[in-house]
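Novice: Below you will find the structure I want to go over with you.
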Amino acid sequence: MAEVQVLVLDGRGHLLGRLAAIVAKQVLLGRKVVVVRCEGINISGNFYRNKLKYLAFLRKRMNTNPSRGPYHFRAPSRIFWRTVRGMLPHKTKRGQAALDRLKVFDGIPPPYDKKKRMVVPAALKVVRLKPTRKFAYLGRLAHEVGWKYQAVTATLEEKRKEKAKIHYRKKKQLMRLRKQAEKNVEKKIDKYTEVLKTHGLLV
């Protein structure tokens, strides 16, 4: 059986519910999905309202034994994971298997920092929300309700961006050198190029 291709999504700039709905559908269909930069996910509505909603949710607990649940996740990645879980039949075998196919991260840890990340246009804030509408960042909400790693994640992101910049600069330099090398030998290999073209090996 062929290996299932992993779909790596960049959560930054996406709306929470819309992205969760698309991810839920994909994992049910059998795709493996990884969502990175969950702290950059947006929620429609102003920040204060969203915070009040979450604080109301924090008050929901089992009076006699709060350790039995419901569990209130503080990390943005876990808040997103819980949102997706609510869209899956997670108490069935099929739903549990679908949830196992989902991975969520704050920031972009290795090996996903070297992989191509995708966006979902149908869930992007700039596409789905009017420019005048207010929105909140999931990272800020999580930080204000008890997530302790906002600063750590931000520092690691800065380091990753610096590394990526250096890598891209090197890549551009190599491409420039390759182009120059091709130009230098263009006249020398002209006759071979023509032969290859006549045999249909070069277009």
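Quick reminder: no glycine exception, Cβ is built from N, Cα and C everywhere.
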Novice: Quick check on the record annotations: which of Ser44, Ser77 is tagged phosphoserine by Swiss-Prot?
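Specialist: So the answer, going by Swiss-Prot, is Ser77.
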Novice: Which residue among Lys114, Lys161, Lys179, Lys191 does Swiss-Prot mark as N6-acetyllysine?
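Specialist: Annotated as N6-acetyllysine in Swiss-Prot: Lys191.
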Novice: Measuring CA to CA, name the entry from the modified residues Arg59, Ser77, Lys191 that ends up nearest Arg140 (citrulline).
Specialist: Ser77
Novice: What is the Cβ neighbour count of Ser77 (phosphoserine) at a 10 Å cut-off, with all protein chains included?
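Specialist: Summing over all protein chains shown, Ser77 (phosphoserine) has 24 other Cβ atoms within 10 Å.
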Novice: By a 10 A CB contact count over all chains shown, which of the modified residues listed here is most packed: Arg59, Arg140, Lys191?
Specialist: Arg140
Novice: For Lys191 (N6-acetyllysine) and Arg59 (citrulline), what Cα-Cα distance in Å is obtained after rounding to a whole number?
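Specialist: Their Cα atoms are separated by 78 Å.
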